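Novice: So Swiss-Prot says this about it:
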type: ACT_SITE; residues: 65; note: active site, charge relay system
type: ACT_SITE; residues: 110; note: active site, charge relay system
type: ACT_SITE; residues: 204; note: active site, charge relay system
type: DISULFID; residues: 31-163; note: disulfide bond
type: DISULFID; residues: 50-66; note: disulfide bond
type: DISULFID; residues: 98-256; note: disulfide bond
type: DISULFID; residues: 142-210; note: disulfide bond
type: DISULFID; residues: 174-189; note: disulfide bond
type: DISULFID; residues: 200-225; note: disulfide bond
type: DOMAIN; residues: 25-249; note: domain 'Peptidase S1'
type: CARBOHYD; residues: 44; note: N-linked glycosylation site
type: CARBOHYD; residues: 239; note: N-linked glycosylation site
type: SIGNAL; residues: 1-18; note: signal peptide
């Protein structure tokens, strides 16, 4: 475990450029050590890939564009420099992406389920987050978190994950900024209208948490991050709850909503 942790630290510190969906938190602050128990690190030999969300002891939710070969998942991490005794590392056993996802459109159905090679144990720093029971309403207060950039135009990354409070905004706000935005049922528009708080590079795949439930998955947004009226776009998890539950139940041929 110590060797794996050392390697993971080296990889995470080798942060390289990735699209906005893998971003860091802009305008946030260091998360409390116990408030991100469901946050997962995805990494491979090149470094940090993305974040994810533990939704039960055997399954992780992340973005489809985070898919890569030979990655591992790290649970219970707070500081890259200080080991938590309950940190756990797992390999993916199976990966599920919507079979009806448009292959030439990275933004379409940007959701992936990962089954772990063995279950993780709940602990002081590890616990799953609930799937949504209903979609969030416009104006809902939400929380984002991750190890992404903290300054939009610089490769500045934190030792511990940063958190920020943002709001669900009307879909029309994002539609005005992004002509290629998917329909309302598939995505959530979230951020601060005047800018200053946003997800950024290497936050991709991480959770948008509203009312204690994972309502969104960090997908994409404006460049640089955190600009006025250029909000973050998140996969709408509620739209995919039936698919998620079907896959977990063993129906691996389940299809996502069109």
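Every residue gets a Cβ built from N, Cα and C, even glycine.
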Novice: Do me a favour and check the Cα-Cα span between residue 50 (disulfide bond) and residue 204 (active site, charge relay system); whole Å is fine.
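Specialist: Between the alpha carbons of residue 50 (disulfide bond) and residue 204 (active site, charge relay system) there are 5 Å.
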Novice: Sorted by position, what residues of the same chain at least six away from residue 189 (disulfide bond) have a C-beta under 8 A from it?
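Specialist: Expected: 168, 169, 170, 171, 173, 174, 231, 232, 233, 234.
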Novice: Expressed to the nearest Å, what is the distance separating residue 256 (disulfide bond) and residue 110 (active site, charge relay system) at their Cα atoms?
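Specialist: Residue 256 (disulfide bond) to residue 110 (active site, charge relay system), Cα-Cα distance: 11 Å.
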Novice: How many other Cβ atoms sit within 10 Å of the Cβ of residue 142 (disulfide bond)?
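Specialist: I get 22 for this one.
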Novice: Take the C-alpha atoms of residue 98 (disulfide bond) and residue 204 (active site, charge relay system) and report the distance between them in angstrom, rounded.
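Specialist: Given the Cα positions, residue 98 (disulfide bond) is 18 Å from residue 204 (active site, charge relay system).
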Novice: Ten-angstrom check, please: count other Cβ atoms within 10 Å of the Cβ of residue 110 (active site, charge relay system), all chains counted.
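Specialist: Cβ-Cβ neighbours of residue 110 (active site, charge relay system) within 10 Å number 28.
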Novice: How many neighbouring Cβ atoms, not counting its own, are there within 10 Å of the Cβ of residue 210 (disulfide bond)?
Specialist: 22
Novice: Which one of these recorded positions, 44, 174, 200, 256, has the sparsest Cβ neighbourhood, judged by other Cβ atoms within 10 angstroms?
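Specialist: Output over recorded positions 44, 174, 200, 256: least Cβ neighbours within 10 Å is 44.
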Novice: Determine the Cβ neighbour count for residue 31 (disulfide bond): the number of other Cβ atoms within 10 Å of its Cβ.
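Specialist: A 10 Å sphere around the Cβ of residue 31 (disulfide bond) contains 20 other Cβ atoms.
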